[in-house]
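According to Swiss-Prot, the protein has these features:
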BINDING   D9, S59, D439, H440  Mn(2+) 2 binding site
ACT_SITE  S59  active site, phosphoserine intermediate
BINDING   H120, R149, D150, R181, R187, R254, A255, D256, R257, K331  substrate binding site
BINDING   D398, H402, H456  Mn(2+) 1 binding site
Amino acid sequence: MQAALVILDGWGLGDHDRRDAVRAADTPTFDEYAERGAFGTLTTSGRDVGLPDGQMGNSEVGHLTIGAGRVVKQAYTRIEDAIAAGDLCGNDAISGALDHVADTGGTLHVMGLVSDGGVHADQQHIHALVECAAGRGVEAAVHAFTDGRDTSPTGGEDYLADLEAVADEHGTGDVASVSGRYYAMDRDQNWARTKRAYDAITRSDGVAHHAAAAVDAVTDSYERGDTDEFVEPTTIEGGAALSDGDAVVFANFRADRARQLTRLLADIHPADWDADGIETNPPAVPVVTMTEYDETFDCPVAFPAAEPTDTLGAVLAAHDHTQLRVAESEKYAHVTYFLNGGREVAFDGETRTIVDSPDVPTYDEQPAMSAPAVTDTVLDALAGDDPDVLVLNYANPDMVGHTGDFDAAIEAVEAVDRELGRLVPALNDAGAHAFLTADHGNADDLGTPADPHTAHTFNPVPFVSLPPASGDTAAVRDGGALRDIAPTLLDVLGIDRPTVMTGASLLE
């Protein structure tokens, strides 16, 4: 092996005392490597990753930027620009949905994550779509998914109040159902969860909860002990069910957590689809997705991806380098699809290994997750085919950080530190130049006990260069960003970076 990129997902470097699990954890291995190797920090948010100013980074954007080696203008920014220019309602896919319901007399069903977290969606985009419906003179209904993960665990009450105010202002856009993202945005094939959100949208039999108003849905949930992420799917009095003649616009711009619900609503069932016996019979309506959720979906896409060319994976393949991508299922798409610039198919010489994430409701119940098995996969590969380049993701600091459980987050960080002690020596012994970094922070700020912080952070992330024993320890320059990682790997491999990669090697 020649080079290895080890992504410590959610491992940020804070400078405060707000329950920083990274600082509080006992991390002798990472500390030793940071001291022994060349150490620097990278920025991961805002314009440095193609997002609006002041917007925290996320795993999708982070891995996309890492693989592209340049700043890629994200869908979030493109949607914001369209709204600012007054072009959203005239977007071909969105205007097509509006035309459809204008012709049929049906309802435009807008659905998505209602928060200002900006990781999967932004509530302002949902507000703007309601305004589009009002401007066209058609009825709209909103199916609101509450956040509590990229935002405050109890911020949903305010977000839904804002949404209800938008509906009042425009005379349409009443909330028809409310579901926590735990149900509506599952990405781990927990189809029974997704089906519950589907049932609330279609008003199928078996919806357990009903509320007089959207805000009541979350306040009732709080009384049951469930915060925004876990609001059980609830129908709202007087809300419209998805029916024949209607149309759907799914406002989430991030794909991974929108795919399962889209499959159920658009009746997309490939031959090898396994949904644990879940059966649905949705009305045959157009389902517009804000971005391309899956290249196999036959859905109109409002903002198709502008896929970057000459990504890290493409360049490695062009130079006949074999590459191994390893992650547990929670982050598998990130080290494959997103790192490859939105490409579903592996490059020549690219091997992908997925390790199942633990089957637990939330990862504070098992902070180590599947990190040991991820490491074992690489050790087995080193003893076998020994690929030229490795990209690996340890999910723990991010996934456990999202629970807001400080003690569990400490355990998660320490679990990753233990794995680094097994992994890095083996990589160096195999001749690999290892790099440790992160895509964004999370476990570095868990807020306070009274006000847990479960979202990503704006803090910089580490970049540690660990050459093999025979290699030189070049210094890591200041001013680095995620776009500089791919050029750095190409540098140690002796490959010229493509001109489209505007990042530069971090090694001085």
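Backbone N, Cα and C atoms are what each Cβ position is placed from, and that goes for glycine too.
Features recorded in Swiss-Prot, as mapped to the structure shown.
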| residue | record | CB count, 10 Å |
| --- | --- | --- |
| D9 | Mn(2+) 2 binding site | 28 |
| S59 | Mn(2+) 2 binding site | 28 |
| H120 | substrate binding site | 25 |
| D150 | substrate binding site | 23 |
| A255 | substrate binding site | 24 |
| R257 | substrate binding site | 21 |
| D398 | Mn(2+) 1 binding site | 31 |
| H402 | Mn(2+) 1 binding site | 23 |
| H440 | Mn(2+) 2 binding site | 31 |
| H456 | Mn(2+) 1 binding site | 30 |
Item checked: D150, R187, A255, D398 filtered to the binding-site residues whose C-alpha is within 10 Å of S59 (Mn(2+) 2 binding site) -> D398
Notebook entry, point to check: Taking the center of the Cβ atoms of D9, S59, D439, H440 at the recorded Mn(2+) 2 site, which other residues in this chain have a Cβ no more than 8 Å from that point?
Noted result: I7, G10, T44, G57, N58, G62, H63, H334, D398, A438, N442, H456
Next item on the list: Which residue among the binding-site residues R187, D439 has the fewest other Cβ atoms within 10 Å of its Cβ, if you could check?
Entry: R187
Check: Could you tell me the C-alpha distance between R187 (substrate binding site) and H402 (Mn(2+) 1 binding site) in angstrom, no decimals?
Finding: 15
Check: Between the binding-site residues H120, A255, R257, H402, which lies closest to H440 (Mn(2+) 2 binding site), Cα to Cα?
Finding: H402
Next item on the list: For D398 (Mn(2+) 1 binding site), name the DSSP secondary structure in the helix/strand/coil scheme.
Entry: helix
Next item on the list: Name the one residue among H120, D150, A255, D439 whose Cα is closest in three-dimensional space to that of H402 (Mn(2+) 1 binding site); these are the binding-site residues.
Entry: D150
Check: Looking at the binding-site residues H120, D150, A255, R257, whose Cα is closest in space to that of D398 (Mn(2+) 1 binding site)?
Finding: D150
Checklist line | Extra residues within 8 Å (Cβ to Cβ centroid of D398, H402, H456), Mn(2+) 1 | finding: D9, G10, N58, S59, R149, D150, P397, M399, G401, H440, N442, A443, T454, A455
Margin query: For the C-alpha pair, I'd like the distance in angstrom between D439 (Mn(2+) 2 binding site) and H456 (Mn(2+) 1 binding site), rounded off.
Written below: 10
